[in-house]
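Enquirer: Dumping what TrEMBL says about this protein:
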| type | residues | note |
| --- | --- | --- |
| DOMAIN | 1-88 | domain 'Fibronectin type-III' |
| DOMAIN | 89-175 | domain 'Fibronectin type-III' |
| DOMAIN | 176-261 | domain 'Fibronectin type-III' |
| DOMAIN | 262-346 | domain 'Fibronectin type-III' |
| DOMAIN | 430-517 | domain 'Fibronectin type-III' |
Amino acid sequence: APDVPVIDQAYSKLSNSITVEWRAVPGATNYMLTAEDGESFIETIVKSSPGTVTGLKPATLYRITVRSINSGGKSQPSPFRKVKTVLAAPILSVHSPSCDSIAVSWKAVHMAAGFSVSLMRSDGLGRMLKQNTTNTSLIFTNLDPGTLYTIKAYAWNANGMPGDDFTYNQRTSPNAPVDVKVAFHSGALRAIVSWMPTEGALTYSVTVFSGLLKLRCNTSSASCVVPSLQCGSEYYVSVTAYNDAGSSEPTDAVSLKTVPCAPVNILIEEDEPGHLLVSWSSVSLGHYYVVFVKSDDGLEVHCNTSYTQCHFQSDCGFTYFISVFAYNKAGQSPLGDVFNYTTAPCCPSDFRAVFMSSDTVRVTWAPVRGADLYETRAAGGSGVVLCRDTATACTLSALQCSTPYNITVYSFSEARGSNTSCAPQYVATAPCSPEIKNISKEGLSVISVQWQPNNEEATYVVTARGEAGLWHCTSTRNSCTLMDLPCGSAFSVSAIARSPAGQSLPSYSIPLETAPCCPNDLILAQVTQSVTNISWSVGRGAQTYITTLESPKGQAKCHTLQTFCLLGCITCGTNYTVSLRAISETGLTSSCTYQGYSSSACCPSGVKLYRLSNNGIRVFWRASDETMNYNADLHGSKGNFSCTPSSGLSHCDITKIPCGDVYTVVVAPVTDKGPKLTFCPKKIYSVTCSGSSVGMVISRGKSNVKHI
């Protein structure tokens, strides 16, 4: 084992530890420090000197020994040293009782003979304050408000040995804010309170009180808005600053007088025509009053007075809107009740009567200010007709046509009654409606209309109205004639009567229909030798058509809804007369004639082919008309050939026709009108090559192909 170490010194700087210094022992790898107080002991292993034993009791005497250690074991304990641990630190309780003081207190410390407490601004400014005492509390005064201070305290024993220290940071409470200002917003009944920021203040509280009413506003800024103030009141405003140390003293109260309340008990009287008297009750804090009178045409006047009444001029038929405001240095009172006063309405002007029909008149007039209701009275004929309405127009119906009336318009208001001194207007109603008695056709497009005259000094107008347009005729008697009415058209015929008083209602309408129009274009085309297609343009007003082709040999007829028709049983080479009947939906008929029509010449029969000795072909047929010329056409894959015989012959020859081909043969009459006929029958022949192109005709049965 290593040698026994020797302790040079042992001391305590903290209340829970002792530090030991010794001389190094050769060969020692570790050291064991032991502290004993008679009740317990604590051991600590360290590498070298110095070493510290921790976990000790404050102000306690310990025996300290050291042993050296290596792989061979432990040495004997060194000679002990007696060392006492220093005192424990006092635990501080700190607060700021005012903005310039900090109070410090603590509990007694075991074995302490006295205490030392120091205070200094945490930002390092200023000097340090230090007090020694044997008490357990003290107060630092004359400090800076709202400032953070650092406080350090420790205890010492009877020998003056200091113990552990304790550090605490404490802020002084803030000073009261200064330069408090109050701005009142009269429109919103709120106050804006502002002040100079206070050092160290974190928040502010504004107190606004009036009697038992108290309002508060808390903020971290240097201003605050206090809403919901009452008009006609005097408030007192104070501000208190706060931080984590506490609050300042409240500022001296600042007086705030709000705007006066709106005047009440407002009375409006028309003491004499054309003059209004407005009066009201006085209000608290009101210095003077302004009365605004605005008429319904937008014109506004006002009266400024320190009394409680005002006089204004007024006109008839006006509605006046009256409001009264009170004022003081804080501003204008809130808007109170707005009163309206309507003077007696004036008589309606710009009177106009417009007849809507023979028994209905629409009366209009310029609006009257202040009138809530109008009454229109029409006297004449067999009685009186009344109309009441809030509009500036009235329609009087069920009047007698062609009758004079006395019409008067009275104005009413709920507040002031009616004005019954308005003058009447004399008007006459429009003529009575005529009654059509008869409509007769005097020609293809001429219509005569007759009616029963029932007015004096009236002009009658007859109108035929349809999709084709309007046709009129005029007369002061009991009939007139409508000219040039178009075919295929439907009309509604009515009549009206006119006079200086106006125009009557139209009579009951009488329907009128003209015969349908003949088609402008008609085209005939022969489809086959016995069938002809006939087509035509649309005839206005026609629903169906009957077309007829007629000759001494017979007649072909077709009845259709279409604009075309196929007519069969047509005889070839015959002249026909062409006629068409257009029929309307109601059965009116128009007969139309057109240029005659000749059917095409008849096709020949008995068409045959014969081989000629010179590689030619002879086409033979039986002519239907010996005066007609014919043409023969042969069409094959090796070429097309045709021949036309001399007049009167019924055959023609084609030379040098190639053999070994199938030919389609058509023989048709030739006319000097129109194209070649295409509906004559076709026959197919096969021209074979046999020897030196000489062969014979062979029939191929059902295919109707013949071989030559």
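Residue numbering: from 1, along the chain as shown.
Placement of Cβ uses the backbone N, Cα and C atoms for every residue, glycine included.
Automatic, uncurated: that is what TrEMBL annotation is.
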Enquirer: Tally the residues of the domain 'Fibronectin type-III' (430-517) by DSSP class, grouping H, G and I as helix, E and B as strand, and everything else as coil.
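Expert: Residue counts in helix, strand and coil order: 0 helix, 51 strand, 37 coil.
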Enquirer: Helix, strand, coil: count each for the residues of the domain 'Fibronectin type-III' (89-175), based on DSSP.
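Expert: Counts, helix then strand then coil: 0 helix, 49 strand, 38 coil.
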Enquirer: Summarise the model's confidence over the domain 'Fibronectin type-III' (176-261) as a mean pLDDT value.
Expert: 90
